[in-house]
Amino acid sequence: MKQSKKLGQCFLKDKNFVKKAIKSADITENDIVLEVGLGEGALTKELAKLAKFVYVIELDMRLEPFANQIMSEFKNVKVIWNDALKVDLKELGFNKIVANLPYQISSPITFKFLENDFDVAVLMYQYEFAKRMIGKPDTDEYSRLSVSIQYNSDVEFICKVPPTAFSPKPDVNSAIVKLTKREPLFHIENEEFFRNVLNAIFQHRNRTVKRALIDSSHEMNIERERLKEILENIKLDFDFSERVFKLAPEKIGELSNILYLNIISKK
């Protein structure tokens, strides 16, 4: 079967990396696992041998022969034919995620995962995307993604994966990353507002916090001039002259809380 470029299909063929991903997830007979992207089922079969149940979300119906073969062999596998971004993941009740993700949905599907409860996720990404996930302040890789993930997950870079591990060979290197959910490192007054602040400031990561906030005031649903007034009133509460890319995640949390208490709660 010819893989779809539109769907970003690169099937993982190298069994060494399949085994490495599964070992990193520490799958047991009590685990309910979510996989996004069936491929030809190399990963699915290995998961099914170990897990209590495996849900696979796949959009490409051309892969149905592979799905039927796997489900006839393993009764603990269910394939959901849908767009993973449209599926209500909360209904599935999984506790682990193991997937070779379609790279064009890496960002939205990762943010969707983070909105759900899980213990561990072992995921394949483009190498450059993976570096952003583990990005630290004052580095080129530090981003909204870095802060969003590190807020309530430990991130571990497992290994780099060469193009030769896939069919067809992608043009870039890939990487396996492990996310372990945990309690947040710092208190957030309102998580939706926190995400809005992240969206606002990282649109202008090289600017000062003040300039970034003003230029993206719409992300926080506040008029630009009103925000200027508020920032003037709270200028002693935070160093708004700092550059966005230098702010540690906990400082961004502090910024979010100050803004929330002075914007939303006083409306």
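Our numbering is plain: 1 for the first residue shown, then up by one each step along the chain.
Every residue, even glycine, has its Cβ placed from backbone N, Cα and C.
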Quick check on the annotation: Swiss-Prot has L12, G37, D83, N100 binding S-adenosyl-L-methionine, so which of E58, E64, E115 does it put in that site too?
E58
Per DSSP, L12 (S-adenosyl-L-methionine binding site) is which: helix, strand or coil?
strand
